[in-house]
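S.K.: Below: one structure in structure tokens.
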Amino acid sequence: MTEGARSTIDQGEVDRFSAMAAEWWSPTGKFRPLHKFNPVRLTYIRDKACENFGRDPKSARPLEGLRVLDIGCGGGLLSEPVARMGATVTGADPSEKNIGIASTHAKASGVSVDYRAVTAEELADAGETFDIVLNMEVVEHVADVEFFMTTCAKMVRPGGLIFVATINRTMKAAALAIFAAENILRWLPRGTHQYEKLVRPEELEKPLTASGLEITDRTGVFFNPLSNQWNLSKDMDVNYMLLAKRSAQLDR
């Protein structure tokens with residue numbers, strides 16, 4: 001199969017999330033875990049981006065002037081707050097329903113986001129490039145992880161960053177992120193995640209480094225039931241985030 005014929009889209013996953021599109025912005029709905037997860041991932045993105053680009057994370061618009069791609073943006077839970085930080089944000093999702101919800105909410109909120117119903121490969125083929133590519137809670141829902149990561153890496157500008165957040169493929173993750181979260185705690189609808197589609201860190205790092213990027217940070221993320229908050233952790237057995245950077249010099 002030629003690379004041009006490959007696709008990152010798992011239509012079953014697109015259909016699953018399209019069916020829940022109306023609930024994206026409900027903090028008590030089916031996407032409640034993402035609402036809870038947003039503060040820790042936004043802080044991580046802001047701080048690491050500011051460190052890389054020499055910005056003040058405490059300023060009102062620390063990402064001013066940076067072009068950001070939120071791939072698999074869903075209803076825009078991440079795109080909107082990143083845009084509020086001053087970034088010029090493109091939110092991409094293959095689901096027309098998700099993009100419709102995201103666009104309507106952004107307009108009502110007075111936030112400017114360029115939402116597009118497109119795939120990662122369509123953006124890459126069009127020659128789009130970004131200072132930051134956000135790949136958050138997406139890779140476990142795509143059809144071809146290696147091709148997806150390679151495609152996303154192509155869009156990272158020299159000196160730019162790619163953030164990835166997902167769930168590790170471990171028995172601990174199967175017990176906590178799937179069985180407990182979907183069947184006991186009912187945080188997520190059953191079937192949201194499938195064990196065989198979870199992704200180990202090295203399966204992300206390999207295509208990123210092969211694409212000329214350097215892995216600069218790895219962190220686990222865990223939920224503290226006492227504080228009802230997500231926090232960074234050294235434990236990457238369940239939820240984790242990776243950060244990679246392309247050299248400021250053109251290397252290919």
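From the backbone N, Cα and C atoms, a Cβ is placed for every residue, glycine too.
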S.K.: R41, G72, M136 show up in Swiss-Prot as binding S-adenosyl-L-methionine; which entry in D15, D93, D114 does that record put in the same site?
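M.R.: Checking D15, D93, D114 against Swiss-Prot: the S-adenosyl-L-methionine site match is D93.
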S.K.: Any idea which of the binding-site residues G72, D93, M136 has the thinnest Cβ neighbourhood at 10 Å?
M.R.: M136
S.K.: So what sits near R41 (S-adenosyl-L-methionine binding site) in its own chain, CB-to-CB under 8 Å and at least six residues off in sequence?
M.R.: L78, M136, A165, V221, W230, M241
